[in-house]
Amino acid sequence: FKGGDTCEYLLSSGRFLGEKVWQPHSCMMHKYKNSEAKNCLIDKHVVFIGDSRIRQLFYSFIKLINPQVKEEGIKHGNIPFEDKSASIKVDFLWYPEVNGSMRQRIKSWAEGSVAKPHIIVVGAATWSIKIHNGSSEALAQYKINITSIAPLLEKLAISSDVYWVLQDPVYEDMLSESRKMITNEKIDAYNEAAVRILNSSSRNSKAKVKVFSVSKLIAQETIMKSADGLHLPESSRDTNAMILMNVYCNKIMKPIDGSCCQPQPPLTLIQKIAFCFFTLSIFGYLIISLIHRNNYRKNKSCTDLESGEEKKPAISTPNVSTLEMLLHCFCKLGLIMTYFYLCDRANLFMKENKFYTHSSFFIPIVYILVLGVFYTENTKETKVLNREQTDEWKGWMQLVILIYHISGASTFLPVYMHIRVLVAAYLFQTGYGHFSYFWIKGDFGVYRVCQVLFRLNFLVVVLCIVMDRPYQFYYFVPLVTVWFMIIYATLAVWPQIVQKKANGSCLWHFGLLLKLICLLTCIYFLSYSQGAFEKIFSFWPLSKCFELNGNVYEWWFRWKLDRYVVFHGMLFAFIYLALQKHQMISEGKGDPLFSNRVSNVLLFISIVSFLTYSIWASSCKNKTECNELHPSVSVVQILAFILIRNIPGYVRSVYSSFFAWFGKISLELFICQYHIWLAADTKGILVLIPGYPMFNVLVSTFIFVCVAHEISQITNDLAQIVVPKDNSTLLKRLLCIAGFFSGLHFFSAMQDQSRH
């Protein structure tokens with residue numbers, strides 16, 4: 001950890017990811033849209049002073065505000081630009097040499113009554129080299145001139161942002177005869193003089209002229225593509241303009257994926273309370289542990305020196321109390337949450353942008369698939385979608401989704417569409433699993449509901465508090481929570497139809513189908529009535545859970561994207577359990593699911609359907625159009641996979657314990673990745689070990705998986721304490737939880753008021 005200002009890294013260091021994506025050292029750069037640039041620069045005056053290379057930067061900068069601008073200004077003259085809608089003024093002033101004229105202009109701002117620009121970008125040297133034929137006298141005069149200008153720039157830097165752009169290298173082989181005297185050796189000498197003189201007299205950190213040296217690094221990689229050997233190609237100057245925008249605007253706009261130049265956010269009131277709570281839990285647990293250890297030492301068996309016999313203690317070692325277990329869980333959780341905060345809220349660890357290449361996605365996929373095959377074991381039971389198989393399914397899907405996120409593969413549409421099917425498959429399992437439980441067990445008690453809701457939501461609620469994020473930010477958990485409640489309501493509402501009751505009469509089966517049809521009708525209506533959907537979830541307190549950025553549009557989009565797949569999972573469970581009950585399928589070890597002929601036909605149809613969907617997804621041209629079709633067609637590949645995995649008896653009888661292990665902690669892996677594997681709320685990558693990307697991924701992945709596993713254990717332990725089986729105790733706990741959320745809402749309201 002070098003500390004300091006990430007702006008310095010942004011202005012001075014970085015590397016290219018691929019050919020065009022610039023990665024600053026240690027931080028993430030946001031790609032500003034026109035609307036964002038206008039919002040940042042509203043009522044601002046920006047001035048570029050220098051030669052033709054500064055003019056290039058000027059044009060790239062104003063194109064971020066208005067892409068329609070054409071480079072038609074006078075070559076050797078001043079060029080004004082104004083955006084009246086946002087009251088933005090950007091001027092280019094032609095001063096190709098650092099001389100008295102440039103000094104006079106800068107002095108008029110520093111000491112005169114003329115309004116000072118908010119941003120000043122200055123740079124010049126190549127004309128001095130060219131006009132004076134690269135003479136040493138010209139360099140000496142340059143030093144004198146820049147020495148006279150430096151105090152004025154430092155004075156301006158107190159109230160304005162002042163940037164001195166160092167001279168980019170040239171491609172000497174391409175220079176015309178009139179520019180042959182401009183060599184990289186001379187450019188380095190001029191740059192060295194500028195860096196040494198600027199800020200030499202300034203002791204005030206606020207009065208520093210920022211040296212824009214990163215353009216040199218960019219030019220070193222791209223100057224070979226220059227048209228004349230002197231001027232940068234368009235992509236390079238666009239990168240410089242975007243860096244300039246990030247330096248100035250990140251602290252104003254605070255984009256999530258722009259960590260450069262952003263100060264650490266202050267602790268909120270709720271975060272401070274959470275910090276105090278976890279600190280007290282740690283101290284409480286340490287005190288109780290010390291007391292128990294001392295009691296154990298006093299009572300532990302000792303050897304009688306005379307007889308050599310062991311004396312047994314009068315009192316046995318006490319069992320771990322509920323309080324100690326509770327404090328132990330919160331102690332571990334407090335340490336883990338500290339790590340979360342340090343990774344993604346404190347400016348302690350570095351963050352980098354994602355960059356997609358086919359190899360960065362597909363090579364790890366092949367690697368984990370090979371690992372999964374090596375850990376093949378026999379299943380305890382051979383039923384369709386047995387526990388080991390569903391854990392395996394969740395596990396490999398989760399690993400693929402993690403690789404998808406860290407590699408930035410969402411930019412590649414075929415991969416995106418297949419990942420959408422994996423997310424849909426999770427929801428399919430939600431419908432299948434919960435329907436099967438309620439249908440077979442008939443248990444609609446409060447205990448079951450509370451257990452499921454606690455296990456799904458505990459980690460997310462803690463992260464909302466510690467990381468200061470809304471509940472809807474972790475969109476998958478609200479999604480599965482709401483669908484669980486919909487499944488519960490569908491089956492629990494009168495008349496309650498379960499398998500035991502339905503065995504007495506076939507009419508009950510039709511009653512259940514009628515319920516499912518009603519559910520499908522409601523889903524269909526809400527999916528095509530955004531207004532009705534938003535009204536339902538805009539009522540308090542639902543709005544507190546489902547709003548993101550002040551509206552519920554994101555929640556509607558997420559819900560709509562996989563709106564039918566939970567229903568498909570419920571329907572599949574109903575049909576499968578009916579076939580199983582009437583002994584129409586064979587689930588013996590090694591036996592095919594149906595007769596050989598039927599099995600072969602279904603297997604052939606499944607493989608063709610699976611491949612057909614993949615071909616369609618790979619030929620997708622437009623994400624919006626494909627998303628519209630996805631809810632209706634995703635079930636094709638899911639059902640095809642289930643049949644391929646379960647029809648052959650020998651395939652159904654084995655599973656990968658490697659994938660199943662990850663499947664048991666899949667929810668924790670999905671949520672934890674937001675902050676301790678990825679960074680900037682999934683927009684970037686966490687860098688614990690800079691300079692060694694592969695080693696960094698190995699270390700951060702190891703910590704990430706261990707943390708997810710530990711949180712899974714903590715959640716299971718706390719679920720036993722917080723959600724007891726005894727109804728009267730459970731009611732008291734629910735009242736405590738209601739009080740907790742009321743307090744959370746009260747402090748949240750106070751927090752919002754203080755922000756406004």
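Backbone N, Cα and C atoms are what each Cβ position is placed from, and that goes for glycine too.
No curator has checked TrEMBL annotations; they are predicted automatically.
What TrEMBL records for this protein:
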type     : residues : note
DOMAIN   : 22-72    : domain 'NXPE C-terminal'
DOMAIN   : 253-734  : domain 'Cas1p 10 TM acyl transferase'
TRANSMEM : 269-291  : transmembrane segment
TRANSMEM : 325-343  : transmembrane segment
TRANSMEM : 355-375  : transmembrane segment
TRANSMEM : 396-417  : transmembrane segment
TRANSMEM : 452-468  : transmembrane segment
TRANSMEM : 474-494  : transmembrane segment
TRANSMEM : 506-526  : transmembrane segment
TRANSMEM : 561-579  : transmembrane segment
TRANSMEM : 600-617  : transmembrane segment
TRANSMEM : 659-679  : transmembrane segment
TRANSMEM : 685-709  : transmembrane segment
TRANSMEM : 730-750  : transmembrane segment
Touch test for the transmembrane segment (659-679) and the transmembrane segment (325-343), at least 3 Cβ pairs under 8 Å:
yes
So if I exclude everything within five residues of the ends of the transmembrane segment (355-375), which remaining residues of that chain have a CB under 8 angstroms from its CBs? That is, six or more out.
17-18, 21, 23, 392, 396, 399-400, 403-404, 407-409, 411-412, 415, 656-659
Excluding the flanking five residues on each side, which residues at least 6 beyond the ends of the transmembrane segment (396-417) place their CB within less than 8 Å of a CB in that stretch?
354-358, 360-361, 364-365, 368-369, 372, 423, 425-426, 617-618, 620-621, 623, 626, 630, 656, 659, 662-663, 666, 669-670, 673, 677-678, 682, 685, 697
Mind tallying the domain 'NXPE C-terminal' (22-72) by DSSP state, helix then strand then coil?
22 helix, 9 strand, 20 coil
Taking residues 6+ outside the transmembrane segment (506-526), which of them lie with a CB under 8 Å of any CB in it?
486, 490-491, 493, 495, 497, 532-533, 536, 563-564, 567, 570-571, 574, 578
Long-range Cβ neighbours of the transmembrane segment (325-343) (under 8 Å; 6 or more residues past either end):
274, 277-279, 281-282, 284-286, 288, 349, 462-463, 466-467, 675-676, 679, 686, 703, 707, 710-711, 714, 717-718, 721
Quickly jot the same-chain residues contacting the transmembrane segment (600-617) by Cβ under 8 Å, restricted to those at least six beyond its ends, or write none.
414, 417-418, 421, 594, 626, 633, 636-637, 639-641, 643-644, 647-648
Take every residue in the domain 'Cas1p 10 TM acyl transferase' (253-734), average their pLDDT values, and give the whole-number result.
92
